[in-house]
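Worksheet: the structure to be examined is printed underneath.
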């Protein structure tokens, strides 16, 4: 079964990888390399505080605030309201909770095991190219978001912009099913699998009893999140995840410091194996490319259509701001966190794993540098990061289930299945889960690209509106009347101020 799925994935990803590269290059050209050109503004967008909007007419303007000009005679003032809505930084950390997890530790190790050091180079390339893709999909998610009055939240994502922007509800249904299966079930099982592998390596015990205990514990914690006690646990992870990510980066920096003289050779290996500059077979170069693309996408999710679901929840003054924030998230995930895993492995294990794979390869590599405590340090980081990903994955899937229905019986069944998959992930072999994750990820990519490529001109109009306001020295603020040709846009009018007055937030349990 695993061999069949793996063989199918090899064929599918041989096409999907090139689709991602082609789409990323297309978006990069059309946006004039927005992922690099506006890099400084990404940091500013992340640091912004939430606000509420008020429409001021008759030429009224507050000199203390920035103003953006919409229609003639209409000006819009930004009134700071730090206690209302979800800030861009919070949206960044929520999406990071989903991004930074198993893919950064176990996924990179798998990529190196299967594709050699050259896979790291292609992970970097997909991050840079994918930055433009992430900008487009997150900007579109912001534009076509909807108001969830029941939960005082914004909701959106590919299912919404496929329906409202593309006018293809049947395609939105296909995507909704794919992301629900991928993030609600498959990826959550994968997170538990990596936790089991990591704890087993740390404890020196990989028996079934330990797997069942860990699976039961993680499933119980997950049930506490999805059935109750959400706010407390979510608030905890929002504090812990950034801390653990920084701690993991610190481990990588420590390894770099211990191997300063080996760093040039490491980069030579990465580039040489990726481009065939060393004596490596053409098949090895192809393996590096395909595995780097797969793991890079699984980690940073650019083009996959998952992050837009989180991006849509932010209360920002312009859709492009969240596009910039999520592009920065791609860089943080792959160019920083994933790179640290790669450096730890390549500087510690010149055979690229041997019999070890996944998280255990990263743990053993760390131990070879700093001693056995390195195994436990990686385990602790992975434990928190993987569990936070379970939470993030659940909410991404939930928002798409609610796209179809909010029937309480359906939602109850969905939550029970999520908890069951989290438990089963502890006792299923990792190759099966990775293979299924690859299959459904490819499905999401194809559907999402079929939507955002034809919708790209709309994102370009928003980008032009944003850059024109920046040239005027204004803090960009978007009102849908600025682009009256856009249809089926629910938000981005003066009603947002009244809605935000109630206190908008992200997915239930992640609101602040």
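Numbering starts at 1 and runs along the chain as it is shown here.
Here the Cβ of each residue, glycine as well, is placed from N, Cα and C on the backbone.
Cross-referencing 12-33, 34-55 with TrEMBL places the feature transmembrane segment at 12-33. Here TrEMBL gives transmembrane segment for one range in the set 121-140, 141-160, 301-320: that range is 121-140. The transmembrane segment (12-33) shares more Cβ pairs under 8 Å with 442-463 than with any other stretch in the list 170-190, 210-227, 239-260, 416-436, 442-463. Taking pairs at least six residues apart, the transmembrane segment (373-396) and the transmembrane segment (442-463) share fewer than three Cβ pairs below 8 Å and do not count as touching. Listed as Cβ neighbours of the transmembrane segment (416-436) (distance under 8 Å, sequence separation of 6 or more from its ends, same chain) are residues 1-2, 5-6, 9, 106, 110, 184-186, 188-197, 208, 211-212, 214-216, 218-219, 222-223, 226, 357-358, 390, 394, 397.
Annotation: stretch 442-463 has the most Cβ pairs under 8 Å to the transmembrane segment (170-190), among 210-227, 239-260, 442-463.
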